[in-house]
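Enquirer: I grabbed these lines from Swiss-Prot:
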SIGNAL    1-18  signal peptide
DOMAIN    127-326  domain 'Peptidase M12A'
DISULFID  CYS170-CYS325  disulfide bond
DISULFID  CYS193-CYS214  disulfide bond
BINDING   HIS222, HIS226, HIS232  Zn(2+) binding site
DOMAIN    349-361  domain 'EGF-like'
DOMAIN    371-487  domain 'CUB'
DISULFID  CYS371-CYS399  disulfide bond
DOMAIN    490-540  domain 'TSP type-1'
DISULFID  CYS502-CYS534  disulfide bond
DISULFID  CYS506-CYS539  disulfide bond
DISULFID  CYS518-CYS524  disulfide bond
Amino acid sequence: MHKIFIIFGLLSLCAAHSLRDLSNKDEEDPPSSAPGVRKRRMMSEEDQKTVDYYMDKLNKLADEKHPEEIERHKNPELVAWDRKRDSVLNPEEQGKFFQGDIVLYPEQAKALYEQALTEGKTRVKRKFIGSNLRRWDASRPIIYAFDGSHTQREQRIIELALEHWHNITCLNFQRNDQANSGNRIVFTDVDGCASNVGRHPLGEEQLVSLAPECIRLGVIAHEVAHALGFWHEQSRPDRDQYVTVRWENIDKDSKGQFLKEDPDDVDNAGVPYDYGSIMHYRSKAFSKFDDLYTISTYVTDYQKTIGQRDQLSFNDIRLMNKIYCSAVCPSKLPCQRGGYTDPRRCDRCRCPDGFTGQYCEQVMPGYGATCGGKISLTRSTTRISSPGYPREFKEGQECSWLLVAPPGHIVEFQFIGEFEMYCKIRHSLCMDYVEVRNSTDFANTGMRYCCYGTPPTRIRSATTDMVVLFRSFYRGGKGFEARARAVPEAGNWNSWSPWTACSATCGACGSRMRTRTCPPGNACSGEPVETQICNTQACTGMCAQKREEEGQCGGFLSLLRGVRCRQEKTVMAPCENACCPGFTLQRGRCVR
């Protein structure tokens, strides 16, 4: 069966709005594990043993580096039950694979271990998404198929997630269940939620496993993002500038899941770290007890932003388009508010949440209520609130405000009165929320506020503008009320802290950070944290590199038949790449 996606009006409307759960299974659908379905494995038994070997060594190495332990008296069965409850929200964390849902090839597992051994000493060159070998050809449809292990309803939901990726990027997907060779994605139900990262470099099929608990649009979009080349957000080389990993709170056998990627392997295309990414772990992922944080955000008000599995963030989409679609539109539009030229419609901009219009020049109108808009502030207080406050708002209502202070002023925002927005308290995660974007780039996900009790934070903008978003996806509630005003851009910051050490020695592969604080009572403008690329000189000298050599294959049958295989070997050789992915060499320096 061949099928090329076209844009269906109803599906587009559903997909563009939000990747939410759908209703219960259709009664006519057969069980997902229907008899007669061909059983598959994510990889061969021999390859699995190799990967398990290196993953075990990785966990032991991480445990040696971070030996902190917290002793608690808790029934192991209760701990297992807590994790089973967690799987409802983030089922991809419960898998047996690397970081829960990433299926590594043997050479990848070995390279990860070698990187961990030599961290900060030797550059180990590897071919992950930073290499074109694992990127799909955006000029051709990506072939996908089902192996028969999903019901018709489950297939429809999976295709809706693909349709969403299709609508927001230049990528096209084509179904072909009869294809038996070449690169293609095969959806199966073989082992929880799991996928490889990027295209198979040898032109073979790759499995994306989606068990019944994974059939949610947000989780499917997450796994498809892996197949298209995305790693987890908190694995970025620069993550320590945004979050702190609480090693002492991580389950003993899971510390290897929090290793960072080598800068050589990841091309972030200049897109900043994204707390709201659908690829980010939640706050308590892989914790040894359900009340312990394993990831703490550097700015505490971002804590409830991380870990969502509802929708692709604007920066998730922007990164995918930068990697695959940057050449689609011959000319770029003068997009505002962090927008960029839409590769699906080159005559319009793709806008961050809260903005619309050809150039993102308009504030998005309210949905399900008359609310939001652009408000020009003065020094007098202006109040904004959820629809109907203090009465309860309704499920599905959305409001967007752009608060603008006059020149020489910034925006001051503070919650007042009763506050209630639906959240998952155990997971420290907002389901419905008020989001405040106060940075210099409105493309970045902001701080999300939810749960019960009025947030005490007094928020000030980095510029004359601030965006406030009210989103009620799941249920009604009391909502919020806040006051905003323009305050003079007065008072100075305290001095910057010293720069942190650069995370890499050359090639523009590293970054560094410094911070500053605003004294109480001052209305400081600008950002409290600054990061920059560092050590941009070209890499020279010797690097640990992967080389292919012909040798005897492993396995009894291969030895018996005398089969020869191409094998990887790590050797010291002159560095192949002078610059990290996304940078080019110009006059001895690596520039973007």
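For all residues, glycine too, the Cβ spot is worked out from N, Cα and C.
Model, not experiment: these values are computed from the prediction.
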Enquirer: If I take the alpha carbons of CYS170 (disulfide bond) and HIS232 (Zn(2+) binding site), what is the distance between them in whole Å?
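Expert: With distance taken Cα to Cα, HIS232 (Zn(2+) binding site) is 22 Å from CYS170 (disulfide bond).
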Enquirer: Since the record lists CYS399, CYS534 as disulfide-bonded residues, which of them has the fewest other Cβ atoms within 10 Å of its Cβ?
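Expert: It is CYS534 that, of the disulfide-bonded residues CYS399, CYS534, has the fewest other Cβ atoms within 10 Å.
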Enquirer: Reduce the DSSP letter at CYS524 (disulfide bond) to three states and note it down.
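Expert: Note: CYS524 (disulfide bond) is coil by DSSP, not helix or strand.
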Enquirer: Express the distance between the Cα positions of CYS506 (disulfide bond) and CYS399 (disulfide bond) as a whole number of Å.
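Expert: Answer for this pair: 46 Å between alpha carbons.
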Enquirer: Check the Cα-Cα distances from CYS399 (disulfide bond) to the binding-site residues HIS222, HIS226, HIS232 and tell me which is shortest.
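Expert: If we rank HIS222, HIS226, HIS232 by Cα distance to CYS399 (disulfide bond), first place goes to HIS222.
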Enquirer: Using DSSP, how many residues of the domain 'TSP type-1' (490-540) fall into helix, strand and coil, respectively?
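Expert: Across the domain 'TSP type-1' (490-540), DSSP assigns the residues as follows: 0 helix, 13 strand, 38 coil.
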Enquirer: I need the CA-to-CA distance for HIS222 (Zn(2+) binding site) versus CYS193 (disulfide bond), whole Å please.
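Expert: Distance between the two Cα atoms comes out at 10 Å.
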Enquirer: Applying a 10 Å Cβ distance cut-off over all chains shown, what neighbour count does CYS371 (disulfide bond) have?
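Expert: The answer is 20 other Cβ atoms.
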Enquirer: Sort out for me which one of HIS222, HIS226, HIS232 has the most neighbouring CB atoms within 10 A, since those are the binding-site residues we care about.
Expert: HIS222
Enquirer: Give me the CA-CA distance between CYS502 (disulfide bond) and HIS232 (Zn(2+) binding site), in Å, as a whole number.
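Expert: With distance taken Cα to Cα, HIS232 (Zn(2+) binding site) is 22 Å from CYS502 (disulfide bond).
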